[in-house]
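According to TrEMBL, the features are:
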- B:4-31: coiled coil (COILED)
- B:51-92: repeat 'WD' (REPEAT)
- B:139-179: repeat 'WD' (REPEAT)
- B:180-221: repeat 'WD' (REPEAT)
- B:222-263: repeat 'WD' (REPEAT)
- B:273-307: repeat 'WD' (REPEAT)
Amino acid sequence: FKHSCLKVEMSSKTLSSGSIAQARRTVQQLRREARIERIKVSKASSDLMRYCGEHAKNDPLLMGIPTSENPFKDKKPCTVL
Amino acid sequence: MGEMEQLRKEAESLKDQITAARKAVQDSTLQEAAAGITVVGRIQMKTRKTLRGHLAKIYAMHWSTDSKLCVSASQDGKLIVWDSVTTNKVNAIPLKSSWVMTCAYAPSGNLVACGGLDNMCSIYNLKGKDGNVKVMRELAAHTGYLSCCRFISDTEIITSSGDCTCILWDIETGTQKTVFAGHQGDCMSLAVAPDFKFFISGACDFTAKLWDIREGTCRQTFGGHESDVNAIGFFPNGNAVITGSDDATCKLFDLRADQELITYQDSSIMCGVTSLAPSMSGRLLLAGYDDFNVNIWDMLKAERVGKYMWKLYIPLENGRKVDPAEDSEGSSRVAVGTEH
């Protein structure tokens with residue numbers, strides 16, 4: 001159900017229904033977003049892949065955790081003789 | 001031409017410019033780049049601990065940076081701090097308002113915060129002198145429910161709200177430092193970048209926004225989802241953002257390429273995503289869904305490599321729901337909160 005009664009209906013706050021001030025803010029924001037620098041998708045992808053590769057050996061979900069290092073796994077109790 | 005009409009035309013033109021600029025750097029796709037690597041092997045997850053104590057639905061949980069303690073918030077009106085290794089309750093904090101929707105652990109471990117339908121973010125000091133946990137601050141200004149909160153430090157916290165804004169607060173004075181306005185629908189969740197300079201928010205306007213914390217501005221907006229964005233997180237190096245939506249998909253957006261790289265979807269998945277977390281290396285994405293499952297995705301190949309089903313372990317009653325699944329940094333621990 002997920003709070004459907006709380007979520008605001010997405011109002012059509014298009015430029016046509018908003019105020020001039022709102023429209024100016026929207027344009028200002030779009031200008032800001034338009035002028036950012038973008039890198040190529042090929043570079044973005046290879047950087048992500050490289051990060052995954054470099055850190056894979058430290059990822060317990062990929063590598064598994066030895067029982068001796070797993071604080072959640074119940075270990076066999078030791079008896080002192 | 002009136003000013004309104006001029007502004008409308010300029011807005012449309014700028015939107016076209018952004019679309020064109022994104023297309024101009026699309027020399028490849030992540031799919032193509034990852035074509036040569038193999039999908040990771042099947043991931044099996046085992047329940048190691050069950051943290052019992054809450055008497056009603058658990059709405060949120062958050063790990064401490066030590067990866068051992070975590071805090072959970074339930075509509076039974078309590079915030080519980082757990083030692084996940086011993087399953088002991090370190091603190092059981094009674095809340096003024098039981099309609100809690102979010103909670104957070106400060107990076108220092110000294111504070112926890114929560115909020116919900118009371119529209120406020122309450123900060124609790126865990127390390128008070130007399131040992132009692134008390135409300136330290138009540139941050140009130142939002143005109144809608146508190147959907148998420150995340151500490152920057154012991155003195156600053158960011159909140160997201162059903163009033164469509166996010167706020168950066170000064171905890172010591174209890175005042176707003178910055179209001180981040182721009183979303184056109186309820187803000188549902190937020191995540192802070194690893195370098196603490198930016199944060200991202202997901203909202204019911206189907207978008208995710210990247211905000212510059214110090215400048216108080218929105219740097220980038222990511223669209224593509226066809227319904228509310230409920231969950232959001234950073235890729236471990238902070239260069240990409242992962243979103244989860246009611247449209248049953250997760251998406252990966254690269255910040256520097258300013259666009260979506262891949263969508264995690266399957267025709268058999270028809271329910272919304274409620275929470276998500278990447279694994280330590282970023283290779284795996286754990287996502288919690290409305291059907292009580294956690295699906296594990298190979299983030300580079302966009303293939304499902306595991307599934308954690310509550311139905312296998314715990315008998316379900318009507319209305320049970322899997323709430324946040326979160327993988328703590330530096331560990332393999334996944335905590336799944338339910339109504340149980």
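The backbone N, Cα and C atoms fix where each Cβ goes, and this holds for glycine too.
Below 8 angstroms of C-beta separation, residues 18, 21-22, 25-26, 29-31, 185-186, 188-195, 198, 200-204, 206-210, 269-278, 280-282, 285, 287-289, 297, 299, 302 of the same chain, each at least six residues beyond the ends of the repeat 'WD' (B:222-263), sit close to that stretch. Across the repeat 'WD' (B:139-179), DSSP classifies residues as 0 helix, 25 strand, 16 coil. Look at the repeat 'WD' (B:180-221): DSSP puts its residues at 0 helix, 24 strand, 18 coil. Shown for the repeat 'WD' (B:273-307): DSSP residue counts in helix, strand and coil, namely 0 helix, 23 strand, 12 coil.
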